[in-house]
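Feature annotations, reproduced from TrEMBL:
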BINDING   Thr8, Lys9, Asn10, Pro11, Gly12, Lys13, Ser71, Phe153, Gly154, Tyr155, Asp156, Lys176, His181, Arg182  substrate binding site
BINDING   Asp70  Mg(2+) binding site
ACT_SITE  Asp70  active site, proton acceptor
Amino acid sequence: MKEIIIATKNPGKAREFKRIFNEEDFTLKTLLDLPAFPEIRETGQTFEENATIKAHAVMERFNLPTIADDSGLQIDALYGRPGVYSARYAGDHNDAANNAKVLSELGGVPREKRTARFVSTLVFANPKNDHDLVVEGDVKGLIGLFPAGDDGFGYDPLFYLPELDKTMAQLTIDEKNKISHRGNAIRKLETQWEDWINW
Ligand SMILES: O=P(O)(O)OP(=O)(O)OP(=O)(O)OC[C@H]1O[C@@H](n2cnc3c(O)ncnc32)[C@H](O)[C@@H]1O
Ligand SMILES: [Mg+2]
């Protein structure tokens, strides 16, 4: 069976990838399914640089086609922060602390100025290809005044979608994948990889 690795240790991302891919043609493994992989230092200045670092570190270790996702939240009133620092804005992978910091920095900012977007950049690296596939997906929304919802991960409880009158954390995984930055990026990747990948 053909295999693709998703170079992530984030259980929320892992669930979304597994749910969206139809695994009839290949199986998907994340770093949570594989022997302990050392911490990858995300030293890039952009989502693409960090996704490239992750995809290549993991591809070289396992010698298999590997997709990495580097993603984050860009808030207009904060000049694009937390951006590439989204995972470690207030505390490393401490979602509650990160959300609290965003809310406190936005204190007093009115609804119409709380615009934001989630971005996901995917880099697909393959031992048999000399260039990577790179795609970006996004979704626009507003930062709520307080967290709402229990699903998803990260900043989902703060990310309000006016058209749905719900936060990202109030959506099912399928509803989130249908509109999310990651879902949009994965769909773009799927239209491109058939011609590129040579198993
Ligand atoms: O690097 P990996 O192992 O993939 O996992 P990570 O959580 O560290 O992932 P990133 O380095 O790409 O950091 C992205 C952060 O942005 C936030 N984020 C990204 N996508 C999100 C989503 O769909 N919903 C909520 N928050 C998200 C969340 O805080 C993530 O930890
Ligand atoms: Mg990370």
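Cβ atoms are placed via backbone N, Cα and C, with glycine included.
Quantities reported herein were computed from a predicted structural model and do not represent experimental measurements.
All protein chains considered, the CB of Thr8 (substrate binding site) has 21 other CB atoms within 10 Å.
Counting in whole angstrom, the residue listed as 'Mg(2+) binding site' lies 9 from Thr8 (substrate binding site) by their C-alpha atoms. In this view, the densest Cβ surroundings among the binding-site residues Gly12, Gly154 belong to Gly154, judged by other Cβ atoms lying within 10 Å. Sequence-distant contacts (6 or more apart, same chain, Cβ under 8 Å) of Ser71 (substrate binding site) comprise Lys13, Phe47, Ser86, Phe118, Val119, Ser120, Thr121, His181, Arg182.
Proximity of Asp156 (substrate binding site) to non-local residues of its own chain (separation of 6 or more, Cβ distance below 8 Å) is seen for Gly149, Thr167, Met168, Ala169, Lys176, given in sequence order. Neighbour count (other Cβ atoms within 10 Å of the Cβ, all protein chains): 19 for Asn10 (substrate binding site). Taken residue by residue with DSSP, Gly154 (substrate binding site) is part of neither helix nor strand, so it is coil.
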